[in-house]
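**Student:** For reference, TrEMBL lists these features for the protein:
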BINDING   104-111, 186-190, 250-253  GTP binding site
DOMAIN    7-84  domain 'Signal recognition particle SRP54 helical bundle'
DOMAIN    96-252  domain 'AAA+ ATPase'
DOMAIN    97-298  domain 'SRP54-type proteins GTP-binding'
Amino acid sequence: MGFFDKLKEGLSKARDNFFGGIKTLFAGRTLDDEVLEELEEILIMSDMGYETANKILTELKIRYKKDEVEDPLILLRDIMTENLEKENFEENPNKKPYVIFVVGVNGSGKTTTIAKISKKYVSAGKSVVLAAADTFRAAAIEQLKHWGNKVGATVIAHEHGSDAAAVVYDSLAHAKAKNKDVVIIDTAGRLHTKSNLMEELKKIKRVIEKEIPGGSDETILVLDGTTGQNGIQQALAFKEAVDITSVVVTKLDGTAKGGIAFSINNQLNIPIKMIGVGEREDDLQMFEPKNYVNALLGVEE
């Protein structure tokens, strides 16, 4: 099964509950006020958020009249795709070590995402160091060690409860001494002690900046796709503490909505790097806006 088919299967809940209804809504009807009102309701209820839904509808109305469009569904598809397109920066393949700082709340799939990203690098022949800087949970350290063994990455870990910034320092020192290609840093995500967590992340950021010229190459936020607008509020808290460069959205196969991707793009103004639509290691893929929207709407190329 190709990834587009996996994506379609993974987004089936969102399509069946919300976006698939747009095709039926448009069938044999002109884009009048009644249709637009129903469309607005579908978009807002899908976790897209009022502001984003309104932006898409306004663009749809203008272009529908101006371009004398025959198929409003294809026009909507194009507008939704454009809405998700953002400039994703290019990795520097010559930078050693290439440092990826990963943040997100507990339960978002952060450690599993790190394992999947590690596997991609290891499969490409890169040497990877994983920094077990979620020292708050003993299980997180063990989980990262398990994944490190499985994918062939070196894991640097201290005792449960130790200083997270010290783990990061040792991981970077190891990577530099051994000429490793990539360092991926796992972090704590206990949002109920928000101020402590954010201070810890800022401290880690300072350590990276001190040890690596220019600091981390990427700071990735892992966001659970089932959390909807709550996830956006979580993301804003992380964005305040550290400079997020991109988002990985996980568990999209578990959500009946799917509009969260649009909220991330518009409310946070951060590009989506990858999406996860399942548990398997190859279920995390680079985010392609057009494929995502086609799968949501049930539109074939």
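Every residue gets a Cβ built from N, Cα and C, even glycine.
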**Student:** Among the binding-site residues listed here, Gly104, Gly107, which has the most company in the form of other Cβ atoms within 10 Å of its Cβ?
**Tutor:** Gly104
**Student:** At a 10 Å cut-off from the C-beta of Leu252 (GTP binding site), count the other C-beta atoms across all protein chains.
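**Tutor:** I get 26 for this one.
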**Student:** Given the binding-site residues Lys110, Arg190, and counting only Cβ atoms in the protein chains shown, which has the most within 10 Å of its Cβ?
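**Tutor:** Sorting the candidates by Cβ neighbours within 10 Å, the top entry is Lys110.
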**Student:** Tell me the Cβ neighbour count for Thr187 (GTP binding site), meaning other Cβ atoms within 10 Å of its Cβ, over all protein chains shown.
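**Tutor:** Summing over all protein chains shown, Thr187 (GTP binding site) has 27 other Cβ atoms within 10 Å.
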**Student:** What does DSSP call Thr187 (GTP binding site) in the simple three-state scheme?
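**Tutor:** In the DSSP reduction, Thr187 (GTP binding site) maps to strand.
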**Student:** Pull the DSSP breakdown for the domain 'Signal recognition particle SRP54 helical bundle' (7-84) and write it out as helix, strand, coil residue counts.
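**Tutor:** With helix first, then strand, then coil, the domain 'Signal recognition particle SRP54 helical bundle' (7-84) has 66 helix, 0 strand, 12 coil.
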**Student:** Going by DSSP, is Gly104 (GTP binding site) sitting in a helix, a strand, or coil?
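**Tutor:** In three-state terms, Gly104 (GTP binding site) counts as coil.
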